[in-house]
Amino acid sequence: MSLSRVSVTGVRNLHPVTLSPSPRINILYGANGSGKTSVLEAIHLLGIARSFRSSRLLPVIQYVQPSCTVFGQVDLAQGGHSNLGVSRDRQGEFQIRIDGQNARSAAQLAEILPLQLINPDSFRLLEGAPKIRRQFLDWGVFHVEPRFMVTWQRLQKALKQRNSWLRHGTLDAASQAAWDRELCYASDEIDEFRRAYIKALKPVFEQTLSELVELEGLTLSYYRGWDKEKELSTVLASSLHRDQQMGHTQAGPQRADLRLRLGAHNAADILSRGQQKLVVCALRIAQGHLVSQVRRGQCIYLVDDLPSELDDNHRRALCRLLEELRCQVFITCVDQEFLREGWQTETPVALFHVEQGRITQTHDHRE
């Protein structure tokens, strides 16, 4: 799948524009602050209904505009296309449209337009809180396991009920037991989905990493959020008093984590920023491989500031892997000379110059 058309209005400093990107490689180049990252942000908004630069959408709206809007036409892997649209105004109204109909949730966007982001903050996947790694893990599970979303919603509902009575004691014993059973059932299913996903991801990740950098002894493991030797029901019963003191459930899939270690050490503690970025790139490219195997369609990669913290050899290796995925890629850089060359002759490459929010296509992939 790929975006064949993108229209952007009212996003940051960007002038209104309609782009016809290449189905493969798209390079956006220009000076820092010109608006390159805002193009990626607009595509991210279209696919996830969130910005990767701000937790709020109000700053995304151009200061002279009442709202921001992004439309896109997605060419589907199975044939045909789907039209997506998102808009957000200054009063907080947010609208998602899919093929002319209002969508129920952002998950519907994500299902049609799976996106992967690689940017200067990527190292947070290793250094950041477990929540970031759970989001990475569950993105992958969501795209390969059709039952995940329904089970996830059941888990969240049961967890919310249990945490509420832990804080307020509002449920009788029978209701407490019923919600505990529901929580344990949903937790076991989520754990099963995640374990199966990690089992499939690990060999692909290891192979991908070996093509980017040699890090002998790096291991990827999964912690499910409670003792692997015990049933969750047993753990919940034994920790009930402390859970009541804390006001929330301390064990379960909401505490899961991915652990990357180099020998006996946490990988984030001893890898350089450049090495961390390569590890994260390998993880995200491995996810793309799994999506293509299961869905017959590729995810789209948004790569912001590719040269950052990577030398020429590693940049070339990363570009080669992205090209081999045969997916659509949007890459930003200051100087396009390095990225303009080196692609296979049959790979369609489009170049876009971004200057003070204006975007000009300088090389058409159809030429």
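Cβ atoms are placed via backbone N, Cα and C, with glycine included.
Annotated features in Swiss-Prot:
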type	residues	note
BINDING	G30, A31, N32, G33, S34, G35, K36, T37	ATP binding site
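Feature annotations (Swiss-Prot) mapped to structure.
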residue	record	contacts (Cβ under 8 Å, 6+ apart)
G30	ATP binding site	K36, V334, H353, V354, E355
A31	ATP binding site	V334, E355
N32	ATP binding site	V334
G33	ATP binding site	none
S34	ATP binding site	V354, E355, Q356, G357
G35	ATP binding site	R12, N13, L14, V354, Q356, G357, R358, I359
T37	ATP binding site	R53, N119, D304, D305, T332
### Task
May I have the list of same-chain residues other than G30, A31, N32, G33, S34, G35, K36, T37 whose Cβ is within 8 Å of the Cβ centroid of the recorded ATP site, in sequence order?
T332, V334, V354, E355
### DSSP-derived class (H/G/I helix, E/B strand, else coil) of G33 (ATP binding site)
coil
### Message
I'd like the number of other C-beta atoms within 10 A of the C-beta of K36 (ATP binding site), please.
### Response
27
